[in-house]
Amino acid sequence: MMKELFPRKQVIGFIFSLVLTAVALLVYFMDMSFAVGMTILLVTAFIQAGLQLILFMHAGESEDKTTIYTSIYYGMAIAIITVLGTLLTLVWTYQFQ
Amino acid sequence: MEFFERFAVPHPSPAIYASMVAIGLTVIAIFAGLTYFKKWGFLWREWLTTVDHKRIGIMYLISAILMLFRGGADAIMMRAQLAAPENKLLDAQHYNEIFSTHGVVMILFMAMPFIIGLMNFVIPLQIGARDVAFPRLNALSFWLFFAGAMLFNISFVVGGSPDAGWTSYFPLAGNDFSQSVGTNYYMIAIQIAGLGTLMTGINFLATILKMRAPGMTLMKMPMFTWSAFIANIIIVFAFPVLTVALAMGTLDRLFGANFFTSNNGGMDMLWANLFWVWGHPEVYILILPAFGIYSEVISTFARRNLYGYKSMVGSMVIISVLSFVVWVHHFFTMGQGAFVNSIFSITTMAIAVPTGVKIFNWLFTLHKGKIVITTPMLYSLLFIPLFTIGGVTGVMLGMSAADYQYHNTMFLVAHFHMVIIPGVVFAMLAGLTYYWPKMFGFMLNERIGKWSAWTIGISTLVAFMPMFFSGLDGQARRMYTYSEASGFAIWNMISFIGAAGLAVGFALIVYNIYYSFRYASRDIGSDPWDARTLEWSTHTPVPEYNFAKIPQIDSVEPFWDQKKHGKKLFEGELEKIHMPNNSGIPFIMGILFFLWGFSFIFAMWIPVIIFTLAIFGCMAYQSFEKDHGRYIPLEEVEETENKLGGNR
Amino acid sequence: MKIDHSLPLEYSTEQNRLKILGFWIFLGAEIMLFATLFASYFVLVNGTGNGPSGAEIFEITPVLAETILLLTSSFTIGLAIHAMRLGNKKAMLVFFGITLVLGLAFLGVEIYEFVHYVHVGAGLQTSAFTAILLTTLGTHGAHVTFGLFWGLFILLQVKKNGLTPETTNKSFIFSLYWHFLDVVWIFIFSFVYLKGMM
């Protein structure tokens, strides 16, 4: 009964998400350069997001799978463009000049 | 008394007092009329609580036309003020308020509801659906838009209008330089309307993706549906940016935050950046459905299928991405340097390409077509050359180095008016004329229609071409006057004549509606234009369930195939039809949002809290409400079908 | 209403499938909402004026507590949906209830955090940095608060009406919302707190 209520996939997913959090915490507890730290954070955050999306949110289970993925990827692409473009225009350009 | 002082207009004039009286009298007249003719129940049952996409579409269109006249009145006042040098018709403050409200009203409260209104009316019919995906949400979208629009419009008689331009750049729009509540109106009213627009975007995406008639694959969708589909994608991903920017602006103005101030680490440039991250995609939200209308009209009246369907779709898909990567071209002179400007200059040039592809597709559709010049076609034919003038001057502005010369001059004003008026306004007028018989069961008079199209077309040129010249000569936009020695007088006088001509053209349209309502024949059938797509295959007037039987689609022009090649469109037996119930909640929420926004604008926190709770109360009520819709019984469907001229 | 029994109950009617798809599109819009807040945050993060910087006011303990609480609640709402699909109403209600309690605990820690910030002189009006920090966290917190009420209403409906096409559909959509808030929090955790304390 209990086993039925705690499917393996979700339990492993949860443990994995805790591990990812722990890895991200390394940037706080260890000394490292900004570049290395940011890389760790970017990697762990995006894996975490993908984990939630695919494993917990069942994004790929219905007939509208393509639409759902397109909507999320499109949103993420535009989001990244907006963030990077804004930084480029308002911050980085003044640092390079 | 002290309490009421905040509602006083800070910079009154006789014209504003006259407007207050006029608004008061109009409201009294409407209420008295509704009571006298005992129409309250009718209004409530048939319109205020409706969830029918066709009626919601018509309400959007009526609002858009009202706002067209509000924004048009602003435009005439501006052109009259500038018609002569050192003119004293308006002072600087009034001029500032008028150009600010003209911009906001025309873009957000005229063009947006116009396209959303047409989308509402046309799209379910065009894809063979009985309503949109979420009919009640659709009603809520409309009432939120309407609440926002009304809130914005009362600003000039209660507390003062926004005066920092439609772009509302900080620090000018901050508390230091805009002390009246005007800019609060801007922040809150647009926020409310914007929420409605976002819901519309989600609703139409779900509708188009999931509710197409069987057999209508994506690549068999009519072009207007395609264009609306892309526009709604852009809505969904662009409007949240505006939501955040407006919220930050509100926090700055009402809660003393420092996002866009010049001290405590604030950055005024961030507003300009966020505004245009939304603002540029917004341009394409407006223009793409307009392109869709042109595609339908040109194909119908060239009497042939649309040339280059796939390239039309492809170019719009490309635009949906590129429209998000060009925003910096609105502020090339802000100081981000040559490298950043070059990037955005190149993307700007690139986005001209898919637009050019579309222009050529229309030209090729016309080529070898049997062209019938009707009023909608006339608007479309006027659009191509006029829009091209606006388009190529846009490419000039897109070159960042050259932009230093044009920036913030009348050249820019001329450019975007030459894009928006032939691009969007002509399309909306074409669409209105084209779909009028489907909406109301009679046609607009063609002779008066063509007179108005020519008047508007020529007046657009007369009004805006001179601005290219005065702009290159250095006339700055948003200046309330200029000296005689500047030599701008002649250009501005010509512009004023053009603006007056535009007013005549729009008055002719109103006269046409009146004239046709009285004299036009009601016996026009359901397909008066000999059109090609599905919306013309159902009855006129359209029954509330749109299609008694759901059509079977196997081409881009199923109705044409039915007419010319005898393909069966509607098969099977009549059945009872499931429809959603009307609901008063969206209308009530619209009123609550209006009151909430009004209290917020004047920082009256107790009513804000009360109305916030009331809004959440409505949502909670809806969560618990059980509403499974209703069935129209088979007998009633049969009766309606027979009355409308036979079973389709 | 046609009910398709080959699919989980929450997908079983046309209207249900429309609602799920519509909600996914809404989440696409939410991505942009938070992306705009992040873009603004990154631009203003050094705009501290006379106020404190992130490194001076962030505390790892409450942040870590919030993260664990929200991650766990995301796990439990997943279990609730799993139980729902098994048709086990009781287990579903238990997991759903745990999720809401964890959400409430998260909110409690966040309120403590806000009080702390204001206490150390990092209020909304202090600087552009504090303003965008509180706005970003506040937007997420407001979503959680809204979710708590929404979830409570759904819980009551499941309790009263059982697992019907409507209630399962509402619960599933709520689970999407809740997972999404967890994703947003991960980004806040990584790029606001950890980056700030690095």
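The count begins at 1 with the first shown residue.
Even glycines carry a Cβ here, placed using N, Cα and C.
Because the structure is a prediction, the values reported are computed rather than measured.
In TrEMBL, the feature transmembrane segment is placed on B:137-158, out of the ranges B:137-158, B:599-620. Sequence-distant contacts of the transmembrane segment (B:98-125) (same chain, at least 6 residues past either end, Cβ-Cβ under 8 Å): 53-54, 56-61, 63-64, 67-68, 70-71, 74-75, 77-78, 90, 131-132, 138, 141, 145, 148-149, 152-153, 155-156, 161-168, 182, 186, 190, 193, 197, 200, 204, 207-208, 211, 224-225, 228, 231-232, 282, 285-286, 289-290, 293, 420, 424-425, 428, 431-432, 435, 438-439, 478, 534-535, 538, 542, 546. For the transmembrane segment (B:137-158), the neighbouring stretch richest in Cβ pairs under 8 Å, chosen from B:15-37, B:229-249, B:269-291, B:338-357, B:489-514, is B:15-37. Long-range Cβ contacts of the transmembrane segment (B:269-291) within its own chain (Cβ-Cβ under 8 Å, at least 6 residues beyond either end) map to 107, 111-112, 115, 118-119, 167-170, 173, 224, 227-228, 230-231, 234-235, 237-239, 241-242, 244-245, 248-249, 259-260, 316, 319-320, 323-324, 326-331, 334, 358, 419-420, 423-424, 426-428. Same-chain residues lying 6+ beyond the ends of the transmembrane segment (B:378-402) with a Cβ under 8 Å from its Cβ atoms: 294, 297-298, 301, 329, 332, 338, 341-342, 344-345, 348-349, 352, 355-356, 359, 362-363, 411-412, 414-423, 426-427, 429-430, 433, 449-450, 453-454, 457, 460-461, 465, 468.
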